[in-house]
Number of protein chains: 2
Amino acid sequence: MLLCDVGNTFLHFYHNGKIWKEKPYALSKKKENLPIYYISVNERFERCLLASHPYCVNIGEYIEIESEYKGLGVDRRAACKAVQDGVIIDAGSAITADIMQNGIHLGGYIMPGLSAYRKMCADISPVLDIKIEPSVNLSALPQNTSDALSFGAIKSVILMIKNTTRTKKIFFTGGDGKFFARFFENAIYDNTLVFKGMQKALEKHI
Amino acid sequence: MLLCDVGNTFLHFYHNGKIWKEKPYALSKKKENLPIYYISVNERFERCLLASHPYCVNIGEYIEIESEYKGLGVDRRAACKAVQDGVIIDAGSAITADIMQNGIHLGGYIMPGLSAYRKMCADISPVLDIKIEPSVNLSALPQNTSDALSFGAIKSVILMIKNTTRTKKIFFTGGDGKFFARFFENAIYDNTLVFKGMQKALEKHI
């Protein structure tokens, strides 16, 4: 059994404890007799997956969590399903934060991902078309444009997460999850969170 | 004498205590014998101004402040020049924060403006193409996509400003300055800040 999480940039795969990502238009050939159970937030990239493999099953409808939130994306539902108590931060193209308590989803919010920050700044002015610098000093006031943008992007995300998590345990996942996790004491990085949630749902339904 | 601040979206004008903004490609006719003293962060829009009026003087080089910051935009320098002590937040296409102490610029940072947040989210996914809702409740966890995005955008900006201003006086300016000012006790909104700085520079040089 192969699991796949179709995102807005990459397709993430999980098989026998290993995870890897592939670009939507350059998908590798998978064993024909191995079913792919997947979830998707991107219809176009989902079609790429369906075209590449004969046996794909969308298990989105199995990924259920208790929540008042309307329109919670299936990838967020899957990651939340893997956590009983804590805050889940998925730092990819977008950064989503979701709060779980006793297996119930209390709400969440969305911020742009770091690469989106960069693109956004470049769109405002060519002067601001600058790479986000991960090692920028967050304790001193920036003294140039590159630091000013990196400080604005990284520190605003960190302050938001600190403000809404307080003493709760934080589970980071996604491409920039490892980077952000190091700013928090009560954090772990787990890039299999979405797949853990998918497995949990599958155990119940298959 | 007419003052003009050429930005990345609008051209802002100041004359006899009145301010107004105009779109770059729909500039109104000004009195021919009235000189326009201007600063600009956008070359293309600057050319629109120059084409519309016979007597325009770029006073960018007069806008000097004491600072270690490399590449501080001329509009930020002008706003800073108007403030001896405090934090200047210019909330427009981008949101810039600059800290002044005893007339010296200590540093600053840059965040995306609210409209850039919206565009950025729409670029990530069509699902996230949603208007930022200014009246979103910032004290309760969001329960839908619109609130989740608005909460993420507005609260991250507010937390950043709170974290870097503490007890300092905050001077808000720019299109969204009035909106953000209401979240702070020690804040005033002054949409003439850039022009006050320009005037101060002109008094010295002309």
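Just so you know, glycine gets a Cβ as well, placed from its N, Cα and C.
Annotated in TrEMBL:
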BINDING   B:ASP5, B:VAL6, B:GLY7, B:ASN8, B:THR9, B:PHE10, B:LEU11, B:HIS12, B:SER93  ATP binding site
BINDING   B:TYR69, B:GLY73, B:VAL74, B:ASP75, B:ARG76, B:THR145  substrate binding site
ACT_SITE  B:ASP75  active site, proton acceptor
BINDING   B:ASP90  K(+) binding site
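For chain A, the nearby binding-site residues by a Cβ gap under 8 A, listed in sequence order, are B:TYR69, drawn from B:GLY7, B:LEU11, B:TYR69. Among the binding-site residues B:ASP75, B:ARG76, B:ASP90, the ones whose Cα sits within 10 Å of the Cα of B:GLY7 (ATP binding site) are B:ASP75.
The Cβ centroid of B:ASP5, B:VAL6, B:GLY7, B:ASN8, B:THR9, B:PHE10, B:LEU11, B:HIS12, B:SER93 marks the ATP site; residues of that chain outside this set whose Cβ lies within 8 Å of it are B:LYS21, B:VAL41, B:ASN42, B:PHE45, B:GLY92, given in sequence order. When the binding-site residues B:ASP5, B:THR9, B:LEU11, B:ASP90, B:SER93 are screened for a Cα within 10 A of the Cα of B:ASP75 (substrate binding site), the ones that qualify are B:ASP5, B:ASP90. For B:TYR69 (substrate binding site) paired with B:ASP5 (ATP binding site), the C-alpha to C-alpha distance reads 21 Å. In the three-state DSSP scheme, B:TYR69 (substrate binding site) is classed as coil. If you measure from the Cα atom of B:SER93 (ATP binding site) to that of B:THR145 (substrate binding site), you get 23 Å. According to DSSP, B:ASP90 (K(+) binding site) sits within a strand segment. Residue pair B:ARG76 (substrate binding site) / the residue listed as 'K(+) binding site' shows a Cα separation of 8 Å.
Largest Cα-to-Cα span within the substrate-binding set B:TYR69, B:GLY73, B:VAL74, B:ASP75, B:ARG76, B:THR145: 38 Å.
The number of other CB atoms found within 10 A of the CB of B:ASP90 (K(+) binding site), across every protein chain shown, is 30. Within the same chain, residues at least 6 positions away in sequence whose Cβ sits under 8 Å from that of B:VAL74 (substrate binding site) are B:ILE39, B:SER40, B:VAL41, B:GLY60, B:ILE63. Minimal Cβ crowding within 10 Å, among the binding-site residues B:ASP5, B:ASP75, is found at B:ASP5. Put simply, B:ASP90 is the one of the binding-site residues B:ASP5, B:LEU11, B:ASP90 whose Cα lies nearest to the Cα of B:THR145 (substrate binding site).
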